[in-house]
Amino acid sequence: MDKEKSDPSCKSSDLKISNISIQVVSVPGKLPGRRPPRKPIGKPRPRKQPKKRAPFWNVQNKIILFTVFLFILAVTAWTLLWLYISKTESKDAFYFVGMFRITNIEFLPEYRQKESREFLSMAKTVQQVVNLVYTTSAFSKFYKQSVVADVSSNNKGGLLVHFWIVFVMPHAKGHIFCEECVAAILKDSIQTSIINRTSVGSLQGLAVDMDSVVLNAGLRSDYSSAVGSDNGCSRYLYADHLTLRYPLEISATSGQLMCHFKLVAIVGYLIRLSIESIQLEADNCITDSLTVYDSLLPIRSAILYRICEPTRTLMSFVSTNNLMLVILKSPYVRRLAGIRAYFEVIPEQKCESTILVKEINSFEGKISSPYYPSYYPPKCKCTWTFQTSLSTLGIALKFYNYSITKKSAKGCEHGWWEINEHMYCGSYMDHETIFRVPSPLVHIQLQCSSRLSDKPLLVEYGGYNISQPCPAGSFRCSSGLCVPQAQRCDGVNDCFDESDELFCVTVKPACNSSSFRQHGPLVCDGFRDCEDGQDEQNCTRSIPCTSRTFKCGNDICFRKQNAQCDGIVDCPDGSDEEGCGCSRSSSFLHRIVGGSDSQEGTWPWQVSLHFVGSAYCGASVISREWLLSAAHCFHGNRLSDPTPWTAHLGMYVQGNAKFISPVRRIVVHEYYNSQTFDYDIALLQLSIAWPETLKQLIQPICIPPAGQKVRSGEKCWVTGWGRRHEADSKGSPVLQQAEVELIDQTVCVSTYGIITSRMLCAGVMSGKSDACKGDSGGPLSCRRKSDGKWILTGIVSWGHGCGRPNFPGVYTRVSSFVPWIHKYVPSLL
């Protein structure tokens with residue numbers, strides 16, 4: 001019992017005799033169903049040990065886990081950085097400035113005080129309305145806020161609300177914010193009545209005049225000035241006396257000058273701003289400017305005028321309402337910046353009258369543009385009716401510095417005229433013209449430009465004999481003027497348009513006549529017209545000064561024409577050769593006719609003008625910091641900005657310039673006409689003057705004397721990187737040159753018809769050589785025989801195609817603009 005208890009492997013239920021069986025076999029026998037075990041042949045196999053499991057945190061796994069961790073960390077950091085950048089740097093604010101008129105609310109004087117309860121309440125109401133308009137629009141997720149800056153009276157009644165709208169959105173989506181789109185949302189929200197046929201509609205309960213809604217893109221700097229707390233140079237000036245002149249003066253000699261003057265007059269009157277002098281840094285309004293607005297906020301479409309350079313000439317501007325904004329900007333005052341001006345309250349004027357004309361072949365009265373002598377405001381309108389006393393008389397209108405021509409499909413830049421149901425365009429010029437209407441009853445309507453204020457117009461009127469416009473013995477010019485018949489074909493441009501010198505029969509001059517020797521236009525002109533050469537003798541002998549003589553610095557005059565900078569000292573004081581360092585030498589050795597490659601260094605005054613990095617126009621060096629080019633290269637808001645322009649000097653192959661300078665300033669002639677290409681000339685001032693060390697590679701070309709005469713058939717050269725053929729898609733990489741000859745002006749006028757005295761033609765009538773697209777603004781260089789210097793005779797302007805037979809190129813005649821050039825570049829005198 002004890003033994004059983006001591007052995008736990010034994011159990012009492014298993015110990016039964018019946019469960020035991022014994023089988024006895026003999027030794028040599030085999031157990032049934034068993035194979036004898038195999039004896040091992042070799043060494044006994046070692047017993048297999050159980051495999052140990054490797055620990056998880058071994059070196060290899062640690063490296064893998066660490067790599068995965070670093071990858072996750074890098075992805076997370078990059079994602080966070082991307083989110084941060086997208087929230088900070090990639091979002092831009094877009095500012096819009098505008099105004100509209102509320103017709104059903106009367107103006108309160110308290111609205112002038114921005115801290116008053118009345119102003120704050122009205123501003124809150126308008127802001128809530130604007131917020132509702134844009135938060136329910138397609139731009140809702142980008143809309144940030146609206147700010148009412150001013151609430152003013154106006155001459156049409158009600159309130160004029162000036163406001164800002166701000167959007168914030170990713171930079172990549174900024175292109176969807178078109179000015180027209182944002183304005184359309186506001187205008188479309190105004191519900192107008194078709195039945196009442198009125199422009200006044202409901203804008204969330206506000207009665208808004210749809211015609212008054214103006215909305216333009218604005219500048220962040222203007223927004224900050226309008227709504228910011230720092231208004232150190234901002235003034236609100238209210239004028240309520242008709243006889244007073246309110247002074248407007250401010251100046252600074254250093255620091256910055258950023259001033260806003262808000263001018264408001266009593267209801268029913270206008271504001272006239274008169275500027276006596278202004279000091280600015282002339283740079284095309286890039287930094288310094290004085291801008292006059294027909295509003296109380298800087299709304300681009302409400303600009304009346306912009307001044308970009310200093311002036312001491314009295315200028316005055318008139319508003320179209322009882323308010324005006326004047327902004328003076330000069331962020332980096334170097335010497336002096338400021339304005340001296342005054343403003344006054346004036347009544348509105350009606351520009352209409354009926355006039356009875358009595359005189360024949362004389363001018364008996366004057367009409368003028370509105371508010372003369374002020375610049376007349378945009379969108380003004382004048383009507384005049386003229387009636388003559390006789391049916392045989394017509395009406396003659398004499399314009400000063402102005403001309404009207406038939407309206408073309410391009411429209412009119414300076415307003416349009418309707419005269420007896422015929423449409424005309426007006427343009428400014430530097431001489432007078434006469435326009436005749438062959439009718440005893442004349443209805444005239446002037447519709448002013450819708451963009452900016454324009455220069456004042458003064459027009460004389462009178463009657464004339466329809467059957468004989470000019471008196472007997474007179475020649476009728478294309479400009480409408482009448483000149484004595486004796487002045488026809490005398491070599492002098494008496495008509496101002498050269499029409500008296502066209503279609504002249506060339507006759508051999510009467511060299512022996514006293515009148516020819518004393519007053520002949522061919523005398524002392526540098527060309528030998530008489531066989532014995534007497535027309536070119538005694539040309540520097542002192543004579544009394546006239547309009548046809550050359551005047552020295554010591555007031556001595558002589559008959560020699562084109563004496564300035566001709567390489568010969570003619571004046572006793574040497575003043576005729578002062579400042580004549582142009583075209584001192586030339587490496588011109590070989591000429592290739594027909595638009596072939598030039599030689600490097602041949603044309604050291606040639607310039608390539610690049611716009612946004614690409615070659616666009618040509619120009620000529622006339623001094624160390626001034627270039628001369630064509631006005632049409634810079635026509636339009638985008639091209640007139642000097643910022644994207646660079647000048648490449650001393651260049652033979654495109655991309656290999658010896659000197660490159662940004663353009664600081666572009667001066668386009670004030671009379672440039674984009675429809676006719678008249679006055680197609682512009683000056684460019686470099687930001688950096690080219691160094692004297694490059695004078696062997698860069699040289700100025702000589703400016704011709706004022707009124708220089710040229711002879712047809714004279715050989716000259718046109719150069720540039722323009723297209724070699726009209727069908728080419730791009731310009732030449734190598735500077736091209738082509739020999740051309742000056743074409744007779746009569747042939748030029750016969751070919752094109754619209755040639756003015758400020759143009760000349762040059763080319764080869766076969767069409768073999770000509771300028772083409774890309775050459776515009778480049779030089780037409782002619783070599784003077786007397787001293788071998790190169791003269792800038794013309795500037796590539798326009799033409800009919802390129803190299804077409806019988807259609808020569810048209811060039812700006814530089815000699816017609818010498819006084820204008822000297823106005824900006826006096827060092828050339």
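Cβ from N, Cα, C; glycine included.
The disulfide bond recorded by Swiss-Prot for C477 reaches one of C448, C489, C495, C504; that cysteine is C495. In summary, of the candidate residues N19, N465, the record from Swiss-Prot lists N-linked glycosylation site for N465, whereas the others have no such entry there. Per Swiss-Prot, the residue annotated N-linked glycosylation site among N401, N512 is N401.
Of the listed residues C380, C382, C382 is the one Swiss-Prot pairs with C351, by disulfide bond. The disulfide partner of C504, as annotated in Swiss-Prot and taken from the candidates C489, C524, is C489. Under the DSSP three-state reduction, C748 (disulfide bond) is assigned to helix. Sequence-distant contacts of D680 (active site, charge relay system), defined by Cβ-Cβ distance under 8 angstroms and a gap of at least six in the same chain, are A630, A631, H632, H669, Y672, M759, I795, S797, W798, T812. Nearest neighbour of C477 (disulfide bond) by Cα distance, taken over the disulfide-bonded residues C351, C545, C571, C617: C545. The two recorded residues C617 (disulfide bond) and S776 (active site, charge relay system) have their Cα atoms spaced 5 Å from each other.
Long-range C-beta contacts of N401 (N-linked glycosylation site), restricted to its own chain and to partners at least six residues apart, with a cutoff below 8 Å, comprise Y428, M429, D430, H431, E432, K455.
Each residue contributes its Cα atom, and for C351 (disulfide bond) and C482 (disulfide bond) those atoms are 30 Å apart. Remark: C489 (disulfide bond) has D500, E501, C504, V505 as non-local neighbours, by Cβ distance under 8 Å and separation of at least 6 in sequence. In the three-state DSSP classification, N401 (N-linked glycosylation site) falls within coil.
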